[in-house]
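Listed in TrEMBL:
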DOMAIN    9-176  domain '3-hydroxyacyl-CoA dehydrogenase NAD binding'
BINDING   GLY14, GLY15, GLY16, VAL17, ILE18, GLY19  NAD(+) binding site
DOMAIN    183-249  domain '3-hydroxyacyl-CoA dehydrogenase C-terminal'
Amino acid sequence: MMSNNGSCKAAIIGGGVIGGGWAARFLLNGYDVSVFDPDPEAERKFGEVIANARRSLPALYDRPLPQEGELIFCETLEQAVQGADYVQESVPERLQLKHAVHAAITNAAPAEAVIGSSTSGFKPSELCSRGARAIVAHPFNPVYLLPLVELVGERAECAKAAAVLRSIGMHPLSVKKEIDAHIADRLLEAIWRESLWLVKDGIATTEDIDEAIRMGFGLRFAQMGLFETYRIAGGEAGMRHFMGQFGPALSWPWTKLMDVPKFNEELVDLIAGQSEDQSGKKTIRELERERDDNLVGILRALKVSNNAGGKVISDHEATLAFSGTHDGMPVTLRHQVPASWTDYNGHMNEAFYLEAGSRATDGFMQLIGADSAYIAKGLSYFTVESHVRYLNEVHEGDRLTATSQLLSGQGKKMHLFHRLFRGDGELAATVETLLLHTDLNARRTCVPDGSVADKLAEFERMHADIPADGAGRFVGERPGDR
Ligand SMILES: NC(=O)C1=CN([C@@H]2O[C@H](COP(=O)(O)OP(=O)(O)OC[C@H]3O[C@@H](n4cnc5c(N)ncnc54)[C@H](O)[C@@H]3O)[C@@H](O)[C@H]2O)C=CC1
Ligand SMILES: C[N+](C)(C)CC(=O)CC(=O)[O-]
């Protein structure tokens, strides 16, 4: 189902923390989004969440996301779900309210629309006990950055949902049987419950607990999860040794997980007071931006190793084909500068000019057919020399575009001249780079396959008459030096 501008439509019912995150992810992936939330403040809060999403989500990718969709706030739920391909409910976690909202959605949404619920704990059978049609699509905060979405419910609907959610860069995980709180929240609840005990018993403050997580096992979890981490912790003897050593601890007094601390005003005051001391100097939006910048940095690092969440980003990026030319040269990079690329001088650090040049080289390699399939055959290019000219400052959030000019593509050589432009059209840098075609098995240079050589010859012809001002310079050269 297409909307007027040819894109798909998502309806978001309930636009708080999670609904706002869903809306941002759909919008930035080109969906039109209609929202229903009776809160008069919803539109303002939405605006703030989407602003944070705009500065972080595109920075994960080295290709542009589709053109942003249109955002519409509706007066009624019925208007919002009209013509929707995908409906996501994110109203507060109260079963009675969920029942009323899902009855209304099922009545008004198109029969073929997928209906997902963000519920953290309810099972699909509970949501649908009064005839509604819905599956659980449980996301993680911030929805616009974290890939995981747990899917629970009727198989065919979950499969339809998975296709949509993959198209917006998420990682659908099917839960094999319905259970209260699905998979991840059961794990999180255990940590949360134990943490409340530690604070209540005066053993640790909220800050001590956060340190214990972020300085240690939190760092491990982003890349290997629990079981792979524990396999390594068993040393060469692996998981069996680990189980033998730590299994008995499960019945030692290490844990209070089976008991819940009394959840009263006193406990809330204790936790909220310590949390205020710990983080009260920053607004929620400031904390969100700090969190988002760190997540973008972590996910980009995982993208380099094509691991865990980083692989989800790479797979999604591969679907974001882009093309275009500028001044007769192909555009080989479109990229929004993440905060993690900037430094203490308040601008993009020198190292990332080269990284952008390297990404542009990758883009050019795709164009000549030296792509992942070619590399899998054992052939690739190695860089042997680069010269970066830093011509203009680049800042966080700037949209960089690179063009690539082939100066020479004879024999084993590929001599490229990349120009990096800022969003305002100013030339920010040039990166001149010489690469040699290499046999990855023999680790020796060799000539490229015929099809790649032909493409190089074609580009060389097309680019021969384009002036390459600034190419071939020596370091520190000034006009008139030769
Ligand atoms: N906050 C979190 O960390 C996560 C929450 N969830 C789940 O997402 C759902 C929403 O949670 P939050 O966004 O945190 O809550 P929230 O309180 O931030 O937002 C709920 C929104 O629903 C709106 N609302 C209330 N009644 C409504 C109705 N009849 N129709 C439309 N909108 C209505 C409220 O005005 C509010 O803006 C819950 O089921 C929760 O379990 C899932 C993952 C993480
Ligand atoms: C606390 N919570 C149960 C609402 C958490 C979630 O559902 C997932 C998350 O984002 O941590």
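Residue 1 is the first one shown; counting continues down the chain.
Cβ atoms here come from the backbone N, Cα and C positions, even for glycine.
Automatic, uncurated: that is what TrEMBL annotation is.
What TrEMBL annotates, mapped onto the structure for a quick look.
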{"residue": "GLY14", "record": "NAD(+) binding site", "CB count, 10 Å": "26"}
{"residue": "GLY15", "record": "NAD(+) binding site", "CB count, 10 Å": "27"}
{"residue": "GLY16", "record": "NAD(+) binding site", "CB count, 10 Å": "18"}
{"residue": "VAL17", "record": "NAD(+) binding site", "CB count, 10 Å": "16"}
{"residue": "ILE18", "record": "NAD(+) binding site", "CB count, 10 Å": "24"}
{"residue": "GLY19", "record": "NAD(+) binding site", "CB count, 10 Å": "25"}
The domain '3-hydroxyacyl-CoA dehydrogenase C-terminal' (183-249) - residue tally per DSSP class, helix then strand then coil: 58 helix, 0 strand, 9 coil
8 Å Cβ shell about GLY14, GLY15, GLY16, VAL17, ILE18, GLY19 centroid, NAD(+) site members excluded: ILE12, GLY20, GLY21, TRP22, ASP37, SER90, VAL91, SER118
Mean per-residue pLDDT computed across the domain '3-hydroxyacyl-CoA dehydrogenase NAD binding' (9-176): 97
Conformational class of GLY14 (NAD(+) binding site) under the three-state DSSP mapping: coil
